[in-house]
Amino acid sequence: MGNFHATTIFAVHHNGECAMAGDGQVTMGNAVVMKHTARKVRKLFQGKVLAGFAGSVADAFTLFEMFEGKLEEYNGNLQRAAVEMAKQWRGDKMLRQLEAMLIVMDKTTMLLVSGTGEVIEPDDGILAIGSGGNYALSAGRALKQYASEHLTAKQIAKASLDIAGDICVYTNHNIIVEEL
């Protein structure tokens, strides 16, 4: 069986609000759409944290569980939980094989977490990952910069994924947006 791709996640902090959006498409290999309604963005830690994944679906579930465990262990401290998870992910021979990336955020902090040990906080309050990530990132930056007072974080997140879905064949328009 081929590789499964779970595609685009976009997150934004904007005017005191935060939102994360993900599309619903799961693609096997380069040819077959297997699912249109996957849910790739979740609320964690009593609804105080958002997390979204791009990459292998099975690996993402493992990472969600691991990250939620770290949040519990560090009492909701997002940065500490992300750093400790990245250390464990990078240091464990089996976990290193996982093929996924995560964006995690709370009301004040947004982080990209990867299996190579990176924990990156963006300078501009915007992150995007997955096959349509660059398209969503570009759209989100333009929307945030040029329509800032006219759009909410949720509207920016939704519009950025819509634009990515128009361009990227691995991103669809079944968009789920979560807010904190």
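We count from 1, first residue shown onward.
Just so you know, glycine gets a Cβ as well, placed from its N, Cα and C.
Keep in mind that what you see is a predicted model, and the values were worked out from it rather than measured.
Spatially close to Thr7 (active site) yet at least six residues away along the chain are Asp23, Gln25, Val26, Thr27, Ala54, Gly130, Ser131, Gly132, Cys168, Tyr170, Thr171, Asn172, judged by Cβ distances under 8 angstroms. Annotation comment: Swiss-Prot describes Thr7 as active site.
The annotation Na(+) binding site is assigned in Swiss-Prot to Gly165, Cys168, Thr171.
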Gly165 (Na(+) binding site), number of other Cβ atoms within 10 Å: 23
Output field, Na(+) shell: CB within 8 Å of site CB centroid, site Gly165, Cys168, Thr171 dropped: Thr7, Thr8, Asp23, Gln25, Ser131, Gly132, Tyr135, Ala136, Leu161, Ala164, Asp166, Ile167, Val169, Tyr170, Asn172, His173
